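J.: After the structure tokens below, expect a handful of questions from me.
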Amino acid sequence: MFTLVGLCLTIVHVAFAVVYFYLTWYHKYWDKRGVVTAEPLTILGSYPGILINKSRSLILDVQDVYNKYKDKYRTVGTFITRQPQLLVLDPALAHEILVDKFSHFRDTITSSFVGHNPDDKYVAGSPFFSAGDKWKRLRSENVGGLTPSRLKMAYSIWEQSGRKLVEYIERARREQGDIIETRDLAYRFTANAMADFIWGIDAGSLSGKVGEIGDFQKTSTDWSAHAFSSMIRFNKTLVAIFVRKLFSMRFFTKATDEFFLRLTQDAVNLRQGGSGEGRTDYLSHLIQLQQRGNSIHDSVGHALTVHLDGFETSGAVLYHMLYSLSEHHEEQEKLRSEILEALASEGQISYDQINNLPYLDQCFNESLRLTTPIGFFMRICTKPTQINLGDDKTLDLEPGVTVMVPAYQYHHDNDIYPEASEFRPDRFENGAASVLTKRGCFLPFGDGPRICLGMRVGQLSVKTAIVHILSNYQVEQMKKVPLGADSGMGIFLNGDVELKYTKLQK
């Protein structure tokens, strides 16, 4: 019996030793290359919270490392589980990686998330999850439907959504009072705008009963939530990538894939049958691509790429911006004055005007900075290159090594943005956003050739909603909402965002 117990203990010890050796095999990787390794370094890597604490955002673990080393080094060696990764502490180096040396860092870590399940085809059809020449082709196809000239022709879609938004607020005020949960309101607006722009349909999110959530909005909410949780789940499997194949892990669920396939097929058939003929929107672009040889599945992949940016991230920025303005009455009044002055001449704001209202732009950029919907950007070294570590030291990087650009940390660094936690739109006056981006300090959409392709759509959605709300209502904060982790990807308002909408006297 004692022999059996001893044998079992030996097996346990050996198994533990094997696991420990497997997890820590690379932990001298950065030391051997003359790069400081972030401490503490556990068997779970530099960011153990990603594996052991569901309620702790990866952003917080990165923040701890950033705070400890940012004043000492341009970059520091870290590990996501056992995967070696550089954390870029110097924004100037971030600009170099994202822009100047883009050809050496062309691919993203998300491109390694696909291909493990052949049925997960729509995520594989997104440039966000693609690499190499495939990324270049998919991005080119996608961007063609999002050019400024095309959005200008489609601007009436956003204007109509803005009018529906005001009508919905009025119905909500009559039925439930002036206090409206604004997170829900924001996503109702972005659901309506994206359904109309991408598929040419009325989602019913603003025209249905107050508080009722239709199939499109519900499916979009479930789909985007699953997409962000998949990001974290796939990051966790960096410790053992074979797990993805073993369990045929999917990024999007089968149910949502089927929903958006049916929706896209029906939309294409309706348009080709004469409904909405001559309309300039994203659906017309998808049909043009199909006429050149794209399949319906290619169209679904492109549609979902735009939808993720236009629905989820735009909605998040919108309710955060309204929350900030509700707390800062002076800034809200200044922005309202600018909007009303622009409205005075024509009765509505044109596409060109909405993109040339300086204070609206400042408030939008400050909201992007505070929210930072994409907290970090990960790039893969695709060609051998050398980076300057400072103090006459350089580092030779090999293909396959990943780097993290921590946009959230730059945006909330008091050395870059004094009183960084405060809402101060004046930070972005006189074209400061462009200057800060070139310094690598302002990266809400990333930078370089892989900059977020839904950037213009998101900007148009948020600005249009703000114009329609502030030209009709005074928005007041009813209670403080704490910040908290959300899907591990960022730090967002955690709880109901209840704001009071008081009709302006005209």
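A Cβ is built for glycine as well, from the same backbone N, Cα and C atoms used for every other residue.
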J.: Among Thr37, Thr78, Thr385, which is annotated phosphothreonine in Swiss-Prot?
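T.: Residue annotated phosphothreonine in Swiss-Prot: Thr78.
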J.: To which residue among Thr81, Thr108, Thr221, Thr253 does Swiss-Prot attach the annotation phosphothreonine?
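T.: Checking Swiss-Prot against Thr81, Thr108, Thr221, Thr253, the phosphothreonine entry points to Thr81.
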J.: Annotation phosphothreonine in Swiss-Prot: match it to one of Thr75, Thr110, Thr502, please.
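T.: The candidate carrying the phosphothreonine note in Swiss-Prot is Thr75.
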J.: Per DSSP, to which secondary structure element type does Thr81 (phosphothreonine) belong, with helix, strand and coil as the options?
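T.: Thr81 (phosphothreonine) sits in coil per DSSP, no helix or strand.
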J.: Would you count the other C-beta atoms found within 10 angstroms of the C-beta of Thr78 (phosphothreonine) for me?
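T.: For Thr78 (phosphothreonine), the 10 Å Cβ neighbour count is 25.
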